[in-house]
């Protein structure tokens, strides 16, 4: 019996040993780790990795060009394919690196234990430990160890893609947070640093993606038509894949998912500038390029043929004028120089115009278009024909026979025609004069006799003359009808009566905002009642209003003696329609009638930041956490203007009265009347007309008219110090004889007494809420504020660095140099040729009236 038991025991142990060995050597049976706790770490030397459930993705370290990176790749794909790189622009210089959780952040440390990458979580619940986890879909997340709710992830790699879009990732905007998720190519095939190409969603009208090289558009995807992007006909429905476009109040994004997990599929922006869909077939073990965009080097090039022309690969030349249009420059057109595009043969007369139907078209660029998804193509045609500025219309969605309405009121650009047997493209209806419609019909009809032809021509001429005589009467009737409709739908239609009243060098066609009838604004504000007055400044008055549907608005009414003249007003109108960010005020429309010029904005319940910082009643309601969040929000909004929007925009009048607060105390930058658009390669500009608010102007701008992104950075620095101290830079005075806030803060900083500048309201609240006040966070804000107001522009950080410094707890922030003290200007006019210098020991006094107001964007 004893021998039998030994044999049994020996057999059992042998079986157990074999089983363990099989687990260790067989990948399918191996047990992988997909989480990293606060007590664990990954190092290059250990060669440890995290592997997702199902063993599809793996996170670890890799080396290329003698540099080390933390990244993610497909585990089962023999050809190593990277889909995400954490420290792409901050590689490790040697084989010493550690990934760990520190201070509720996921941190990558180099050989000297300095962070080179982290998750930028500024605050977390210290009582609840966090873990990093690699999910089955390839999302690398940070979460509370006891909470698996995806909506409450603290951080996730899906929000910060590099060059690859995986299934279930989203590419586009999170409107709640202002986060824009876009792709940036590798520098080269073996260099993962940020390359020259980006693939980013623009949402100004119909959302569409732009492939850009160093922020200059190279290719446009075309708008989403309910099935696919109209400019990517190759992206067809597949049996193993479902893709969708999400557009609601919370997000605008593209995503796809796999219905058959035996295939891997990804969208990648490669370093050569092509956006590709690649699918891995396990049986043949290769990545198959399903499609690549752009396809054609001519017709897929952004605005290849200029305005009012379309590209067709089946014609020679490939560029063709739309029917009813001729080349703008015949000589250049014959030389295959098409950038000038085409012009109308016959100008539109408003009444009597018609449409030509262009089939299988990639719709024109929609940044200047208006969209109404509630109506069909018939109503869309009526709306277009009643708007003298309408140049074309189309369906917004081609499913189920078509629905929705897109109307263009600007020139038509970047159009392409697809082959007659192509499944892509859609109908585009372009507005033509009656004479050009007739030419088309005659060309396609039978040859008629000369007598009949002359008769028809005479009839057409008589008809056109008769129509032209009735043009004013027709326009007046349309205006009355629009007024009636506008009373019911004041924000959904363009109103035409204001067009006749507006005169000046600016054309009505240049406006990109819905026009609101004067009568509607008068009713909304109760005839501009003083009870609805929100604020007043040099530009005029801001009123609160309420539309018939109950929507509250803010109306910025320029006075006839406004310091913001027609130039600034038109600048604001044309600029703000192109901007969309959670930290920018949303414009709803404008009203131009006679001498009246008004902008209509969303109404923000908490008015302007200065009413909280400097007002007696509201000041105590602004605790430190709210001040810190407001500072971060303004920084993100300014970063969007400088870097992340389609245009580089210099605000030039950033101040606390231009920071508005919504009901959730989210800050929104307003007032773009003085803003300027910079080219991507433009670093600074100068002007003889210095505008803005003294106290917020940088020295180089106030004295020499030189402005740049660093001018806005200076203004932001002043705002930061005002938020921390609760004191105005202008008119500041204290017993130590510092006559501006910057001098006061700088002196306290040098003496190591920086916390003395903190608003007493915050200090007084410590007894009831001691946990809210965080001295290190306050000191960091003061230091960043001083960095932003340094005297020399080249010493000031870019807003990208500012946002980075605010978001990191472990970053070593540089020590600031002295600020630019001289921020005021002599009250006397200076000869433009004269020069004057700023003396650090000299004070300037300006007899100039100023009023803090709510100033909508």
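Using N, Cα and C of the backbone, Cβ positions are placed for all residues, glycine too.
For 1-32, the entry in Swiss-Prot reads signal peptide.
The topological domain 'Extracellular' annotation in Swiss-Prot covers 33-446.
The DSSP secondary structure for residue 47 (N-linked glycosylation site) is coil. Under the heading N-linked glycosylation site, Swiss-Prot lists 47 (among others).
In the structure as shown, the Cβ atom of residue 120 (N-linked glycosylation site) sits within 10 Å of 16 other Cβ atoms. Annotation source Swiss-Prot lists N-linked glycosylation site at 120 (among others), citing sequence analysis.
Other C-beta atoms found within 10 angstroms of the C-beta of residue 196 (N-linked glycosylation site) number 16, with every protein chain shown included. According to Swiss-Prot, the N-linked glycosylation site annotation covers 196 (among others), on the basis of sequence analysis.
As annotated by Swiss-Prot, N-linked glycosylation site applies to 260 (among others), with the evidence given as sequence analysis. Here the Cβ of residue 260 (N-linked glycosylation site) has 10 other Cβ atoms within 10 Å, regardless of which shown protein chain they belong to.
According to Swiss-Prot, the domain 'PAN' annotation covers 350-433, on the basis of sequence analysis.
Annotated N-linked glycosylation site per Swiss-Prot: 389 (among others), in sequence order, evidence recorded as sequence analysis. Classification of residue 389 (N-linked glycosylation site) by DSSP places it in coil, neither helical nor stranded.
The feature N-linked glycosylation site is assigned by Swiss-Prot to 442 (among others).
Per Swiss-Prot, the feature transmembrane segment maps to 447-466; the stated evidence is sequence analysis.
Annotation source Swiss-Prot lists domain 'Protein kinase' at 528-779, citing sequence analysis.
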Please work out the number of neighbouring Cβ atoms within 10 Å of the Cβ of residue 389 (N-linked glycosylation site), leaving out its own Cβ.
21
If I take the Cα of residue 196 (N-linked glycosylation site) as reference, which of the glycosylation sites 47, 120, 260, 389 has the closest Cα?
120
Where residue 120 (N-linked glycosylation site) and residue 47 (N-linked glycosylation site) are concerned, what is their Cα separation in Å, rounded?
26
Segment confidence, the domain 'PAN' (350-433), expressed as mean pLDDT:
90
